[in-house]
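Below is one structure; the comments refer to it alone.
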Amino acid sequence: MEAGGRTPALLLLVGAIWLQLHLCSDAAGTTVFTLRNNCTYTVWPASLSGNTAVAVGGGGFELSPGANVSFPAPAGWSGRFWARTDCIAAAAASSGAGSVACATGDCGGAVSCSLGGAPPVTLAEFTLGGADGKDFYDVSLVDGYNVGIGVTATGAAVNHSTCGYAGCVGDVNALCPAELQVTGTTTAAAANATVACRSACEAFGTAEYCCTREHGGPDSCGPTRYSRMFKAACPAAYSYAYDDPTSTFTCGAGAQYLITFCPVQQQ
């Protein structure tokens, strides 16, 4: 699904398919996800279904800077999307399945993920057709941060006054304290750059940060100095497990969703 090297005719065909998919989705009530790479580097988006074996979007693919990909999701689907960064793809084996090794968000080296992304990783999470038939969605930094993600509800059925923007526009990697930093050599930065920012739970494993044991409920697990740092950078994203009031968004039936990697502003 790499955009680079496409011929003009192929680009026109992809555009026509994208338009037809959206027109049909509005008519049939199918939810269509559009993933856009606004980063200056290639990412490998991945998806993982939480309530079905269906691999929405094929489970994973390569997405060049400036490229868009759209695909439908089955009714009632729940799951997550994330971006893998600084990936090196291996040639497909004779069995037909290739592999990809990624510095962040890797899912066991598979191109099409059947496992979650290795933290730290920014997540876009969805439950379609939940309570009262509404869609529920959020962007979460509970598993840490590797790249900014923005989620915008689109389509004729969307009420923009109630279907809020979920996301993380701020560059958490630039703000990440030393004890949470994951460093490496990237295609977008120099060697030993901060490529991801761990959650305090992953870094320290204590009940206070992981919301477990004596801190295993909303009354006993609150924000910490680390989660407040995440929240300050990304007010419209989950910063810890019980950060629900300002982090969960809902939209009525018929919405379509644009997921942007490296968003520059609320859309």
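Going from the start of the chain as shown, residues are counted 1 onward.
Cβ atoms are placed via backbone N, Cα and C, with glycine included.
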Candidates Cys24, Cys39, Cys251, Cys262 - disulfide partner of Cys163 as recorded in TrEMBL:
Cys251
With reference to TrEMBL, which of the candidate residues Cys210, Cys211 participates in the disulphide bond with Cys221?
Cys211
Using a 10 Å cut-off on Cβ-Cβ distances across all protein chains shown, tell me which of the disulfide-bonded residues (Cys168, Cys201, Cys211) has the largest neighbour count.
Cys168
Can you give me the Cα-Cα distance between Cys211 (disulfide bond) and Cys107 (disulfide bond) in Å, rounded to a whole number?
25
Counting other CB atoms within 10 A of each CB, which of the disulfide-bonded residues Cys107, Cys113, Cys234, Cys251, Cys262 comes out lowest?
Cys262
